[in-house]
Amino acid sequence: MSSYWLTICMIALYIIVQNGNAKFHCDTPEEWLMYDKSFIPGAKWPNGLVKYELHSSITEDLVPIVQSAIDDIQNKTCIRFQTRSFEELSYILIERDDTVCGIANGCRLGIPQSVKFGIGCADKNAIIHEIGHALCLGHEHTRKDRDDYIHFDGCPPGEPPPGKDNYDTRGHFYDYTSQMSYSCGWCPGGWPKMEGVEDWQCANSDGLSVLDADKLNDFYDCGGCHGYRWRQIDQLTEQDKRGMIKFGETDEGSPLYLCRGYMGGAIVSGKYWDQSRTCYLPYNGYEYQLQTNAQVFIFPVGKGVDGMQYQVKRINQTNIQQARKEKGFFSIPTGRKANSVPCYGASELIEQDGHSEWSIGVVCEDDWDRAYFPFWGREVVSSTYGVIGCGYS
């Protein structure tokens, strides 16, 4: 490792020790992730199955931390981890190495490859970050379009910002809260440009962020209840439109579809009306209309399995947790609050001021008593609603 990266590692370790904050991870040098390595089909783990082994340096007290990282990825994606057999030579070796904060080989190499973390960075999120590299995720703050979302004006003289990678972003939103991002507020991680996004929001998700999981499910071509995708509103093809699913309806009977967009640093879900090609979002008392920089939920043809279907499950504040954990039902994470609290799509019949429609909106984990809906120019709050999810018969 170069002296520059060694210096960054030492700084990161100092910050972690002083602040007890392992959100920023000194890890894989950018040159290991450049030249289109990320999101390359040939570098995938076949069928999303990752063979791994725990090095002898992973002591008994570290095993639960590593397992929590693996469980988080498995719970949010179709990726599966399996202990490698002796004859298998393509696997990741997870080990402790106190000379680094964290470091990993990017993508599947076809040979034994390392995921390492130091004891000062031995937390779930740091390990997820490094495993993310092994799964072929690059750094969020070095995306080729990162200059639209972060700046480096605060870098001290002589300290260069990190370079940009050239991998295909596949139309995914930039994700400030990604586990693949560095912390903001200093030169390696930059400073956010988007209105409503503060330094503390960067890399602050608990485990994989909603968008991290979306990227992995897309890249690994997941099916079943992980088979949904998000398409840019102004780039919808006729094939995409055939995959849109009706979750609401206007008062005149036109179908409404699930969409999402950025609002003040949050990612908010709402209703898409194809006749206007507009995504309507509820936020801070108002209804906002987006015709760009928004995404529509689709389920591509061929991603389904027997017995599964996307549906709206009726709930109330007393049974929401049970509904989300019920066997055979998977609520769809559609976005998050600015503080990374996950949010979900909601649907409800709204009848006010002579208007009536089954609207689509958002409900978040920190307040199940309130779902928010866009409705005739304003935001309507309802304590009754249905959660959009995927179920099996």
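Positions of Cβ are set from backbone N, Cα and C atoms, glycine also.
If you check TrEMBL, you get these features:
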- GLU130: active site (ACT_SITE)
- HIS129, HIS133, HIS139: Zn(2+) binding site (BINDING)
- 38-223: domain 'Peptidase M12A' (DOMAIN)
- 1-22: signal peptide (SIGNAL)
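Here the binding-site residues are HIS129, HIS133, HIS139, and the one ringed by the most other CB atoms within 10 angstroms is HIS129. For GLU130 (active site), the Cβ neighbour count at a 10 Å cut-off comes to 27, with all displayed protein chains included.
Summarising model confidence by region, the domain 'Peptidase M12A' (38-223) averages a pLDDT of 93.
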